[in-house]
């Protein structure tokens, strides 16, 4: 793709998200979502192959359905309140439709079906945008309609997402699908605490974006998309492999890494609000995620897959790809846990 065209498309994606985040009018929010969706489809189809085309079509269909639901919720709200301003939704039906439309855009269960398929069909760089930047707009709208969200509905969606995000990733060997299921689980954690402490949701979102960006950058640097190709990176770049493994464990929420901090704070927040069974269930289900990350780490670090002698010589050659931000991102995605006492002011 022509670099100028790519820059224009990326700017449109960013503009769409920014319009959604700063608007106080429902129609502008809807327009922002549409701009964002139509601009990201060419980015997904950068590589002209049938898989990318299929993934883009799936993405387009699900996002269009979510946009229609969103517009329907906006119109129902308009009928009851008589205004377009973004504020408390007066009608429970409008609130439910809006929550479901945003859950569909975020890829939360039971509307998660498109996330693994789409992420698997597109290049790593497009997958990075899909699983990080694309979460900002729907999350900001959820944040704005907080007072009118149905607690039972949002907690059901979050528990389903955490469970499916854990179970779905168990039998995967494709790294992009593992990242997609991880994204579903993380969305579940974020929305679970949304009504108790929205600032905690933002903290979780920031840490999730940092960890996912680091992960995808490392995958792009090593050109790895499967467990097998990840196991061969020992021969190509031993230090890079160690970084991949530590970041993977951080994504699984293993203490004392960064990924443990949001989980710890969310469980603490929910316990403070006299919710005991729910955080217990969430913590148990999070072990599924940790299990498939541990298994990936084990298969890469402690088992030797068959490889040729030529492959074993690759460590001698310097890496040609420049990754300026990688050291900073790796530190942020693994070493933020000591900052937890400072962040306790978020409460």
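Just so it is clear, glycine is given a Cβ too, placed from its N, Cα and C backbone atoms.
According to Swiss-Prot, the protein carries these features:
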type	residues	note
TRANSMEM	3-23	transmembrane segment
TRANSMEM	25-45	transmembrane segment
TRANSMEM	67-87	transmembrane segment
TRANSMEM	96-116	transmembrane segment
TRANSMEM	122-142	transmembrane segment
TRANSMEM	145-165	transmembrane segment
TRANSMEM	178-198	transmembrane segment
TRANSMEM	200-220	transmembrane segment
TRANSMEM	237-257	transmembrane segment
TRANSMEM	274-294	transmembrane segment
TRANSMEM	325-345	transmembrane segment
Annotated stretches the transmembrane segment (3-23) and the transmembrane segment (325-345) touching (3 or more Cβ pairs under 8 Å): no
Segment proximity, the transmembrane segment (200-220) to the transmembrane segment (274-294), 3 or more C-beta pairs under 8 Å: no
Beyond the flanks of the transmembrane segment (325-345) by 6 or more, those residues with Cβ under 8 Å of it: 203, 207, 210-211, 213-215, 217-218, 221, 243, 246-247, 250-251, 255-261, 264-265
Contact between the transmembrane segment (122-142) and the transmembrane segment (25-45) (3 or more Cβ pairs under 8 Å, separation 6+): yes
Chain residues outside the transmembrane segment (145-165) and at least six past its termini with a C-beta under 8 angstroms from it: 86, 88-90, 92, 95-96, 98-99, 103, 108-110, 112, 181-192, 194-195, 198, 278, 281-282, 285-286, 288-289
Recorded stretch that, among 67-87, 96-116, 237-257, has the most CB pairs under 8 Å to the transmembrane segment (178-198): 96-116
Cβ-Cβ under 8 Å with the transmembrane segment (67-87): same-chain residues at least 6 beyond its ends: 23-27, 29-30, 33-34, 37, 93-95, 97-98, 100-102, 104, 141, 144-145
